[in-house]
Amino acid sequence: MATTHLDVCAVVPAAGFGRRMQTECPKQYLSIGNQTILEHSVHALLAHPRVKRVVIAISPGDSRFAQLPLANHPRITVVDGGEERADSVLAGLKAAGDAQWVLVHDAARPCLHQDDLARLLALSETSRTGGILAAPVRDTMKRAEPGKNAIAHTVDRNGLWHALTPQFFPRELLHDCLTRALNEGATITDEASALEYCGFHPQLVEGRADNIKVTRPEDLALAEFYLTRTIHQENT
């Protein structure tokens, strides 16, 4: 598929298991309505006209993905993921073709809104380093004493943000930063942290707080509520 400088490739690392969900089924394959969480997450990306391809990195032993309609979608590419998220993202970047910019989106974050995605993608016109969707911290934050469930002190929440996805960067820059961070043993918790490690300062694009990641059992019902509400709003 031919690409232009405006075209974007999305990478979805989906090789994880998610033990906190307390289920034998990987969380991305749990269902909300008639689709899996992974399908909801990917369809939100495919809905934007600039996203020409989505690369999904799955576990080499994954037998579930082939059973989904996504497996035969013409804009979907599947690659083997790695042991860590960064390894899966790097595998996805290698299959991103000529796209100059890439989105990275959590497989278990199904409630992405199109207006948030559009504002994030607009960074390609104004930024050289990209940025992430994020939500300002609203709750009081506590720091625990080391090794204890006891409060050490209250953390000033001014300037604190919850990092969300998608995260959006120039493809070559993200590749180089992830590679360097992994080679030097840095702790990488998301793609932005790799750029931070290399001295860059990605932008924060405020996104909706209901763009939740399904991590624990109680998140499933909340995500279902948000998705049902969104579908109702779009149909009225």
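Cβ atoms are placed via backbone N, Cα and C, with glycine included.
According to Swiss-Prot, the site 'Transition state stabilizer' annotation covers ARG20 (among others).
Neighbours of LYS27 (site 'Transition state stabilizer'), defined as other CB atoms within 10 A of its CB across all chains, total 26. Annotated site 'Transition state stabilizer' per Swiss-Prot: LYS27 (among others), in sequence order.
Take the CB of ARG157 (site 'Positions MEP for the nucleophilic attack') and look out to 10 A: across all protein chains shown you find 13 other CB atoms. Following the DSSP three-state reduction, the secondary structure of ARG157 (site 'Positions MEP for the nucleophilic attack') is coil. Residues or ranges marked as site 'Positions MEP for the nucleophilic attack' in Swiss-Prot (evidence: sequence analysis): ARG157 (among others).
Annotation source Swiss-Prot lists site 'Positions MEP for the nucleophilic attack' at LYS213 (among others). Cβ-based neighbour count (10 Å, all protein chains) for LYS213 (site 'Positions MEP for the nucleophilic attack') stands at 20.
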About how far apart, in whole Å, are the alpha carbons (Cα) of ARG157 (site 'Positions MEP for the nucleophilic attack') and LYS27 (site 'Transition state stabilizer')?
30
